[in-house]
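The Ca(2+) binding site annotation in Swiss-Prot covers ASP786, ASP788, SER790, GLU797. Annotation source Swiss-Prot lists compositional bias 'Polar residues' at 258-294, 342-354, 362-373, 382-393, 402-414, 422-434, 442-464 (among others). Annotated compositional bias 'Basic and acidic residues' per Swiss-Prot: 465-477, 578-598, 638-655, in sequence order. Summarising the annotation, Swiss-Prot assigns compositional bias 'Low complexity' to 501-513. Residues or ranges marked as compositional bias 'Acidic residues' in Swiss-Prot: 564-577. Positions annotated as domain 'EF-hand' by Swiss-Prot, on the basis of sequence analysis: 773-808. Summarising the annotation, Swiss-Prot assigns region 'Disordered' to 255-655.
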Amino acid sequence: MLMQVEKKKLLSQADIPTKFDPINYLGEYLMRHNTHYIKDPGVSGYQRVMKEITEELKTHVPDTINNRISKMKEKVKEKREQREYISTVKVKVAGMRKQALEEQFNEWVLNPKGMIPIVVYISSYITDLKSEVFEEFLKHLCHSAEEFREIILTDMRRQMFAELFLQCDSGKVMALDRQRTLALLEAFYDQCSSTTRSLLRNPRQWPFVEFEEIELIEFWGDMDIKKHIYEDFDALLLKMNMLVAEKLAGKLAENKDLPQQQRDQELSSDSTTEPETATQLTSQQRSRRVSLTGQGQGKGPRKTSASKQGASRGSVAEQGSRRSSGVNQTQQRGSVAEQGSRRSSAVEQTQQRGSVAEQGSRRSSTVEQTRQRGSVAEQGSRRSSTVEQTQRRGSVAEQGSRRSSGVNQTQQRGSVAEQGSRRSSAVEQTQQRGSVAEQGSRRSSAMEQEPQTAQDPNSDSLPEQESHRGSITEGSHRGSISEPGQRRASVTGQRRKSSVDDSGSAGSRRGSGTDQGQHRGSVGQRKGSGERKMSASEYGPHQESITEEPLTASEPGPQIDTIQELDEDSTPQLEDDSALKESKTSELTKIETQEEKPLLLINEEQVPRDSKQPEVPTSSKKERPSGSPKKGRLSGTSKRDSQKDKACEPKPQHVEGKKWSGEFLICDWKIKHVKSEEEEQAKLICDDTRFTDLHATIRNFQTYKGIKGRSAFNGVSLDLLQFVQLLETFVGEDTSFSLSKDLASFFQKNYSETKQEKIKALEQARQNSSRIRRRILLQAIFEKWDNDGSGFLDLNEVDDLLYTYKEGMERESMKKAKLHINFPEPSPGHEVKLSSKQFQRYIELVVSELRGNEDEVLESVVEFLMGSLERSHVEGLRNCARRKWLHQIQYAAETSGVSLEPVYTETFRVLTQDAEAHGNKKISAHISLLEENVFLPERGHVLLRNVACTLDDAPFVLNKVLYRDMKGISFTVVDEGKPIHVPQVQHHGNIFFWNSFRSKNEYNGSFLALPLQDAYMRIFGVLAVDTLRDPHEINIFLPHEIKFYQGVANAFSTAYHHVHSREHVLHSVMTGIRWLFSVTSGITTITTCFIEPSSEQEDYVLRNMMVTDCLGLAEIHTDPPTITRNACIFRDFLFKCTDTSEVILASSGGETHIAIPLRQRTKEAMGILDVNIGRSRMLLYQEYKDLQKMVKMIQNVSYEILGEFSGEIEKTMVIEMESAGEVKRAGILFFRTMLQELQECLCLLDSMDFVSLLLYEHKYHVDSILQDITLQEVEANVALVHDVLKGVILFSQREKDSLSDLEEWEKWKFHINKYLVEEICVLDPTASNVEVNVELVTSYIQAHSRTEVWNFRNIVIELLYHWINICLTLIELNMRQDVSIIPPLPKKSATSIYAISSERSIREKL
């Protein structure tokens, strides 16, 4: 220690701090030189190794800590490696999917920049998709690309027609003559060839011709099928069906003498020979699958062995690119080969344990058994081979390279033998289930089979599809069917090479067993490189897949069994592959027994067409493969798929030889070409300095304008939208773009107007602009005058101000205007109130009596009134706010989805907002509606029910009833029709307080009751407002508040009737649709939508109110979903219909739609009927005419309902049943309107039309000879005539006593005369004095169908048949006490801040 101190010179540096600690140093020295420490001499290497081995062996001792820790480490390591592997596979799959998307999007038409950023966007959503779903998604994108191309082509066509319109509009009035346009379309239609005419739409028929332009006799009695919108559509369809029926009947006759098993095979194989592109048939034929009908001689127990049944199971032969494997499959223990990650295959099993041979590599063919020992190929007339198998169960043989091995199995379940390399061996397996044998490298195995049936001498030899072939096996009593060439479905299996594991296994497993019966059994799958690589969607150069094609369904048999499984053992193999293998689900249908086999359905497109007959499409052009995308085949699956699914074929970037500009005309052509005349005139007035005080008012009500962007149909002229749509409807979707060019060229050459016509058109345009300008000015001056928003002006006040015009010089002239106008009846105070429309009419009459140009005089009068009405800035702001609030009530009604709840809510919100903002009050309010007093008539004929109120008053007011014998002033308001204001309710003795818990000291406030009036000034309810909850001592309503509350009552009345008018229209639509479905069968669904204004940038939206299916079951949405224009680019035909107010025929998603507008009285569309007719190109002519009848009746009913609610027409009661109530009347208006039209049409008939029916039975022999009608048909026609006439006679009320004993037809004939016709033309079947034997009439009519009546082709029978059915329907409805169809009820929302009654008012108004 001292030596260290001296060495470090620590003694000389005593004053310097140091880190040297002598104690620590001394201790360390002593520890290092401890004499008692003995150093370990060490161990040998042998001892060290043995010790390590011992420690390692301890980990294998069960139930020890080391053992458990070792197992945990192994599992952790295994899971970590698995996660790393899965992550690597996901990266590979994501890369390949991205590449597939990039290749797929080359199908889309690119914009000028040549980029589609959506590829990157979609890539983030497909990461977790299964392989099958991803391929279906790719196919969906293919069809979307095809539809997108069609949209571009349609946009190009519409742009060409728009340019044509501008060229033909030489006067620049933005209108073309409609009749001249239709005449040119007829001329172009007539000069076209028959082939072209079959693709065009007939311009002489509806929808080109309106119902008002068709005579009644022609509308109801024209049954000439040649006048269909598609020329000879019915005849062509009937001819095709007859040819198919004859072909099928001949085939059945040929097979009658064949054995049952062979006959079934022939039928089933024949059904697969037809093209799989049929798109127009019944719902059973919409999927591209066909049921095979190979059947045995009987049904045996499912679990009996092959030896007991004397038959073996069938097999599914699945062939790879360079090898093929035979698969034996049973009904209960069959197996299915499933390949790769996320691949699945479905195998159909018959009730006789039959089998289906399927083969791949872009073709379908029968798999010929390999040239090995003991195999016999048996071929049928359809070149199908059947090979008999020994009594073994479920064995699978796999083929190597030019060697074969047999696998013998005992009666176990689903075992599979695994083979070695380059040698043939037989392995017997027992007591094993679900094992999978796979072979390493290029070897093929063939199952040895003992021939049990001789080869058919008439069978043809099967050509070899590849160098190696699979086999088809079947038992002696169980048949299998396979179709050659393109007439057979196949299962294509392709495998890739895989490395052999070091442990000696045959290779990592790529396939998984999929159980069909007892979920036991398997199919061995082998891997190997193929001669041709195929995939449902090709990702890269090394990509392969299993492709299994479904068959076309020819019978509705059992449902398809599809099983999809994911093989967990396939994940290690993916690491060795450079590309992902995809597989397509094989869809096979079950085989039915002979007893249950239905007749094959007729497919239109299976008929061989005549060489002279043009190929007329009978289905939608834009049709996808039938069924959902899941049922369709993927692009690239096979050669036949690519031929059928043209949407998945490569497409050029040019459309009709032109590169797309990247812009759509339909998106902005309204801005460029379509201008609102009202907006233009409003802009001109706002630029005029003479009307400065009206500018703010005009801007306000232009902002609050309702629905914009619709063209009204006027029947005289066509604007740009209507012209383009008319031409687009004419050319249809099946014509070429060149035909549209020819049509445009034809129009440009032949459309011309004379000088007088141009001058007349310009004059009409000027008058229209002047009329709109006058209306805007008068509406603005009315709103400025009505500063408090009451909705009315006092006539005396208006006269007093008008008479001062020009210092009274025009006083006498103005008084003359009162002689030409009918003012409303004066109120009890002798005041005449003018509404906005009445005020405008009155001023126009006053101006017409003054000297000078009417437009200049009117502007002078408006300028005078504007200067005479002085309003302060505060009054102007208050007027602006109140106008906005009143508009919100109407807006709530228009966007309510036919519900009153939003109207009630918005009404109370407006009342409370105005009371707080302009009166500094807290109010309570409730709405009472008049109802008929049914239960207590002694307390008054009517009662007032509180249907809505503010939330605080709900426990005391809501749903309470006020009778006439109770205290209150509400019935006084109802009787007098004017508001009543009680300033202090505590001093009034006739006020009824709903809250009985309130003390009399709290009865401090004002009460105001206002009448609710309809368009005819009839009272239907009361709006009550009070200030009992206001804390202020003085809370009296001021005059401007009372006037505004009158405006609120008026706005609520308008909104209330708006909702109920739409509700009644919806009620009538439902009735009409149900009638249509009762007489037609070709319509799938009918969707009813109403137009509503939009709060967004769009002009309007559609609300899906109701969907009715073919059974007449209607789904009514209480909260209807909204359809926006931007969200339905592939279904834009709905908005085309509402934009133009014209009928649209379009295709969407492979289905044909007929979009029919529901027009309001201004001829603008207020709704739409979307008629879906499925995959048919068009309805039959009879159904098409019945659709027209339904549409015409609904439109007439809508005009009547809307006119009654708006006050434009008076309500008329035609039949007695209409007085039963508003709701019930709305439900029968459709039948009443049809009854009226039928009676009017019967009156137009000549007497000889009825006489010819009486003589029909005497000339039936002549008809049978001249018209080539069989005797049975003539007798059926005679029975039809007799029964219809008997049914009509039974409605006669003049001689009903003499009709009871009639038995022979000779006695019935005496009652058919002109008096009977006159009687049925005015008969009211619902009258109380009309007595009809309904059961007897029904017995005569119900035996005859609608089709039978139509085929008779007689207008009298047609009219009488409909007349009888309508009368019976009205009688049935009249006998019911309740309403058979209830319109949608107002929804009740829990989030509403106002209370609304859940019970519906009957609304029986006085």
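From the backbone N, Cα and C atoms, a Cβ is placed for every residue, glycine too.
The DSSP breakdown of the domain 'EF-hand' (773-808), given as helix, strand and coil counts, is 25 helix, 2 strand, 9 coil. The sparsest Cβ neighbourhood within 10 Å, among the listed binding-site residues (ASP786, GLU797), is found at GLU797. Taking the centroid of the Cβ atoms of ASP786, ASP788, SER790, GLU797 as the Ca(2+) site, the other same-chain residues with Cβ within 8 Å of it are TRP785, ASN787, GLY789, GLY791, PHE792, LEU793, ASP794, LYS1043.
For SER790 (Ca(2+) binding site), the same-chain residues lying six or more positions away in sequence with a CB closer than 8 A to its CB are LYS1043, PHE1044, GLN1046, GLY1047, ASN1050. Mean pLDDT of the predicted structure over the domain 'EF-hand' (773-808): 91. For ASP788 (Ca(2+) binding site), applying a Cβ distance below 8 Å and a minimum sequence separation of six or more within one chain yields ASN879, ARG882, HIS1040, LYS1043, PHE1044, GLY1047.
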